[in-house]
């Protein structure tokens, strides 16, 4: 005689689990869990801010406050860009293996809901820049709307969408100078050119993940344009980047720490990455892209920061010597 055992009643889902499940598509939409993108927006601002803080003798507490504001802005900017990109690219995303599960493409979030979410981000960013000077405000507006707004469309019409992205991603360099000084010197534009070349570097590597699917979907990129010569062209852009950093350092009177860490360390890092990355392996390309957002960005900033502290210490010693001399007189 067979016996049957009643199944235990299933436990109702906790409210925390329910909320977490509801929020998950929105979190995935912003890519906040993939922090490399935020860091790639943040580093150019951090480099530009540290560069201008050195020349303007910005006190360290105010410097770190502005750095924090920039990080929050970079996070919002990156998230807003991802939302807008996914709204416009939802039909393309369904054709690409890596992106077909994105919330809008998969039908987990409506286009209307995503648009409202996007404007929430934009509203917060506009509030953050409400009190900046006119030049900084204009740069913020141009970056938020035409530059970031048109980028998703570029991959439909040109093999150089990364060139447009490079202008948008690195506007923080100019924003930092405009905010502190109210003007933008030649050194800042040179640094901006170097960061633009950096974006070509890392986003071409990023685009190599999807080469096969992009051909089928009709999506254009520098990864497809450069083809089998991709590493040779990447070496060219790495050279442009480091040459610009050298010239920017000369124009801004940077000292040894900057050239050792930012220029020297950055050059070695790029050379090693160029040698080790496999542009035919999505896993290798993602790892290289991720390291640009964390390792390389931090290494270059360390040089800017060390030089800023070096200069601030030297300025303090000069002020101390001047004070002692005046007291002696």
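Even glycines carry a Cβ here, placed using N, Cα and C.
Since we're looking at a predicted model, the values are computed, not measured.
Among residues of the same chain six or more beyond the transmembrane segment (32-51), those with a C-beta under 8 A of the stretch's C-beta atoms are 63, 66-67, 70-71, 73-75, 77-79, 82, 169-177, 180, 187-188, 191-192, 195, 199, 202, 248, 252, 254, 289-290, 292-294, 297-298, 300-301, 304-305, 307-308. Here TrEMBL flags 32-51 (among others) as transmembrane segment.
Summarising the annotation, TrEMBL assigns transmembrane segment to 63-88 (among others). Among residues of the same chain six or more beyond the transmembrane segment (63-88), those with a C-beta under 8 A of the stretch's C-beta atoms are 29-32, 37-42, 45-46, 49-50, 53, 102-105, 111, 114-115, 117-118, 121-122, 124-125, 128-129, 143-144, 148-149, 151-153, 168, 172, 176, 179, 308.
The transmembrane segment annotation in TrEMBL covers 109-129 (among others).
Feature annotation from TrEMBL assigns transmembrane segment to 135-154 (among others).
Annotation comment: TrEMBL describes 163-180 (among others) as transmembrane segment. Cβ atoms under 8 Å from those of the transmembrane segment (163-180) belong to residues 40-42, 44-49, 51-53, 56, 58, 66, 70, 74, 81, 132-133, 135-136, 139-140, 142-143, 147-148, 150-151, 154, 188-189, 191-192, 195-200, 203, 222 of the same chain, restricted to positions at least 6 beyond its ends.
According to TrEMBL, the feature transmembrane segment maps to 186-208 (among others). Within its own chain, the transmembrane segment (186-208) has Cβ neighbours under 8 Å at 40, 44, 47-48, 51-52, 162-163, 165-167, 169-170, 173-174, 177, 214, 221-224, 226, 230, 233-234, 237-238, 240-245, 247-248, 251-252, 270, 277, 279-280, 282, 285-286, 288-289, 292-293, counting only residues six or more beyond its boundaries.
What TrEMBL records for 229-250 (among others) is transmembrane segment.
If you look up TrEMBL, you'll see 256-272 (among others) marked as transmembrane segment. Within the same chain, residues 201, 238, 241-242, 245-246, 249, 295-296, 299-304, 306-307, 310 sit at least 6 positions outside the transmembrane segment (256-272) and bring their C-beta atoms closer than 8 Å to a C-beta of that stretch.
Taken from TrEMBL, the feature transmembrane segment covers 293-311 (among others).
Packing against the transmembrane segment (293-311) from elsewhere in the chain are residues 35-40, 42-43, 46-47, 50-51, 53-54, 60, 63, 202, 245, 254-263, 265-266, 269-270, 273: each is 6 or more residues past its ends and has a CB under 8 Å from a CB in it.
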